[in-house]
Amino acid sequence: MEPSSLPPRLELTGITKRFPGGLANDHVGFAVRPGEIHALLGENGAGKSTLVKMIYGIMQPDAGEIAWNGQRVTIQNPKAARRLGIGMVFQHFSLFEAMTVLENIALGMDANIPARALEAKILQVMGQYGLKLDPHRIVSTLSVGERQRIEIVRALLLNPKLLIMDEPTSVLTPQEVEQLFVVLRQLAAEGCSILYISHKLHEIKALCDTATILRGGKLVDTCDPKVETSRSMAEKMIGGSLKDIQRSADRGFGPAKLLVKGLSLTPPGAFAVALRDISFAVRAGEIFGIAGVAGNGQNSLLLALSGEEVAPDHGAVVVNGDAVGGLAAKERRLKGMASVPEERNGHAAVPTFSLTDNAVLTARDRLGMVRAGLIDARAARTYAGEVIEAFSVKATGPGAAAESLSGGNLQKYIMGREILQKPQVLVVSQPTWGVDAGAAAAIHQALVDLAATGSAIVVISQDLDELLSLCDTLAVINEGRLSAPMKVADARIEEIGLLMGGIHGEGGSTHAA
Amino acid sequence: MRLKLEKRQEPSMAMLIATPILAVVATMFIGMIVFDFLGIDGFRAVIDIFLTPLLASYKWQDVAVKAAPLIIIALGLSVGNRAQVWNIGAEGQYIIGALAAAGVGIAFGPVGGFFVILLMIIAGMIGGSAWAAVPAVLRTRFNVNEILSSLMLTYVAAQVLSYMVGGPWKDPNGRNFPATAPLTEAQSLPIVVPGTTIHLGVLIALILPFVFWLVMSRAVFGYQVRVVGSSPQAARHGGFDSRRTIISTLMIGGAMAGLAGALEFTGALKAINLGFPSGYGFSAIIVSFLGRLHPIGCLIAGIVLAVTYVGGQVAQTTVHIPNATAGIFQAMMLFLILASDILIRYRVRFVPSAKPQAVAGE
């Protein structure tokens, strides 16, 4: 990229945003050149989202300046941002499941364009960037990768000069990530700047020209990711040295602690994915990973294992030799099965309850917190204190409301709440979703340590890197079916990617709408 | 200067307690102003409605007797409200409870005494909870909104009452008035304070809040109700059955309303006529919220509401305003308490008004 005499496409100077809890952005300043792919890196709570929301006009900075092509601007709302030429693809899509691709795009347009003209424009944009998508497909039949393409097309229709992508690859298969990168590189070559938010460092090394790193709302560094190593960037992000997972080299596995045999289950709800004939075994000391693109039955599997959904066949789930398929969550817990669902607030924990009260939620029976129908509040408080201590949870104490904790700290607390109960089998979904690198390392280590004591662990995650570094064995879930397990040491990324794509990947158009 | 609402880090305990008091005080002020505009002595009206019943000792027994059913019904409703179950039909459950007690009393004829009265009260609770079981089953089986079904059943209950007192249970010596025969002494609740109308039901209304407090704050059941109300998915994860919780909270609400009906019948009114449904079941909804769904709060709020009932009658004679005025004050209290809820999670701040800024692209 040649240095140009043009002013930067976007220049931020001294951007400051204050929230009641403190400063979300503290005098942040950096510039994005035309045609540059600029990474915005940082842990959760580092202030990336706040910063991007101010660029896209969702929030206003308390102080500081935004310059667009050298001109100072105030971006009052997203509409104004779009008029300037700023497009954004959010991490969470805003699509109507029951409508077609075309209808969804039409709904998101500021201008009123006739359907036929819009369709022609969409086809032209898709052709230009090699994005394959049928405008008449109903959204609910599309894979997550295809849904993201709708959002990208929607943004591209406005001929953006700056495209903001918020964690775009967290829901994609490795192949889909490659395809996305091709599109982004083409866009950049045509002069569109891209602000790329991610915490996946190898992607940033592969894609980005510049990386701006935030920590605690402050700008730490602006660097060249091609020169930096993933480790050096990670350490700048967390402001300390990164800990590797410690585990003993000669680990052996004991007998199977969790057996799943021909588990089929259709949970209630219109969008729940049915599980089809799932079988696998997890031995004592083993960490078993389940990879897959979001929405392929991971939630159903967690519910079926935790006992929140009861299996029709009592023998379909066996814990430590006891059939538990027909038992509900409470009874399965007594048999030694613990679980951590993906959603922290409102599923794993009650947001408005104190940590003490949240300890009661899953630990009351195993740890004897109930006597004669009454809850022993002191025992619960003591246990909550132990979890806080053992997992270095940052909280004002056991009385702190769950919702007052940051995502990472609440996740550490929830993991600790289950792990300190010494379960025979622990099933966790997305253990480090939205958790900063420091907390993620602590959670990973805790899982490895629990396995070392002879527990069987199932980790359901969409983060393939996490599974490859953490697990001994890996299987892929796709449309409610589980692949044959493979040893992580012999697994090939391409093969896993293909299994993740299933019939939903390229050529998924055979899937009738 | 402009007002800004700022989210609090944690819900404010002080506001949780202060806002109900604030709501009552604001109700008094607004009432005063409105009455003045209507050409009525607003100050006098508010004093009579809110203070005279407390200052005049001969009114205390009226307040106590009126507070008892309000407190008892509100206790039951609060359990449901905590589980996000909205039983609006306590009035109907109250009616059925009283009718069930009357049925048992009639079945025993002239026989009375402790066990008969106990049976009448138990029948009242069963009747009330059976009436509440209908919306409970409709909600959990067919997803029918309990707000509508429980409210509609109130009108069914009123028709049942009208039929029973005008037909099968009509007092043969009642000059053809639609009313049951007055209870004999043997089937009536004992008076606990001699020389007053304060019956055993008042004592029960004083004890029950503490029982509910223990259950709601310490027992697994209370915890279960709070979890189901706060996040049903977390309840499932914790091994609690939401359906069963919904059914049991509705039936507890019904049982309490039925209990109140039976106590009101056997303790205060002694006969059921067409005027028996006096709106306690509806006013108890206000008591429940004014008391912050807390059992002790219900005790206090029940007394406050009872004061307005008695005070309404006082103001009727002193400043000649209709008895229904008390209802207006009660409704205003509910409105203000719900409106002031925002102060628990948000704080109000005065900030200097922002200077106007240029808008991009315009």
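Using N, Cα and C of the backbone, Cβ positions are placed for all residues, glycine too.
Per TrEMBL, transmembrane segment is recorded for B:12-35, B:63-80, B:92-108, B:114-138, B:150-169, B:189-216, B:246-265, B:271-290, B:297-315, B:327-346.
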Check: Okay, the transmembrane segment (B:92-108) and the transmembrane segment (B:271-290): do they have at least three CB pairs under 8 Å, pairs separated by 6 or more?
Finding: yes
Checklist line | Remote residues contacting the transmembrane segment (B:246-265) - C-beta distance under 8 A, at least 6 residues beyond either end | finding: 68-69, 72-73, 75-77, 79-80, 82-83, 85, 87, 90-91, 93-102, 120-121, 123-133, 135-137, 139-140, 146, 150, 183, 189, 199-201, 204, 221, 225, 228, 271-272, 276, 280-281, 284
Note to self: Within this structure, do the transmembrane segment (B:12-35) and the transmembrane segment (B:327-346) have 3 or more Cβ pairs under 8 angstroms, counting pairs 6 or more apart in sequence?
What the structure shows: yes
Note to self: Take the C-beta pairs under 8 A between the transmembrane segment (B:150-169) and each of B:12-35, B:92-108, B:114-138, B:189-216, B:297-315. Which stretch has the highest count?
What the structure shows: B:92-108
Checklist line | Residues of the parent chain within Cβ reach of the transmembrane segment (B:92-108), under 8 Å, 6 or more residues beyond its termini | finding: 69, 73, 116, 119-121, 123-132, 150, 153-158, 160-161, 164, 169, 180, 183, 187, 253-254, 257-262, 264-266, 272, 276-277, 280-281
Checklist line | Spatial neighbours of the transmembrane segment (B:12-35) far in sequence, C-beta under 8 Å, 6+ residues away | finding: 41-43, 45-46, 49-50, 290-292, 297, 301, 304, 321, 328-329, 332-333, 336-337, 340-341, 343-345, 347
Checklist line | Long-range neighbours of the transmembrane segment (B:297-315), counting only residues six or more past its ends (CB under 8 A) | finding: 20, 24, 44-45, 48-54, 59, 62-64, 66-68, 70-71, 74-75, 78, 205-206, 209, 212, 283-284, 286-288, 290-291, 321, 323-327, 329-330, 333
Margin query: I need to check the long-range neighbours of the transmembrane segment (B:114-138): which residues 6 or more away from its ends have a CB within less than 8 Å of a CB in the stretch?
Written below: 87, 89, 92-94, 96-105, 108, 144, 146, 149-150, 153, 157, 186-189, 246-247, 250-259, 261-263, 265-266
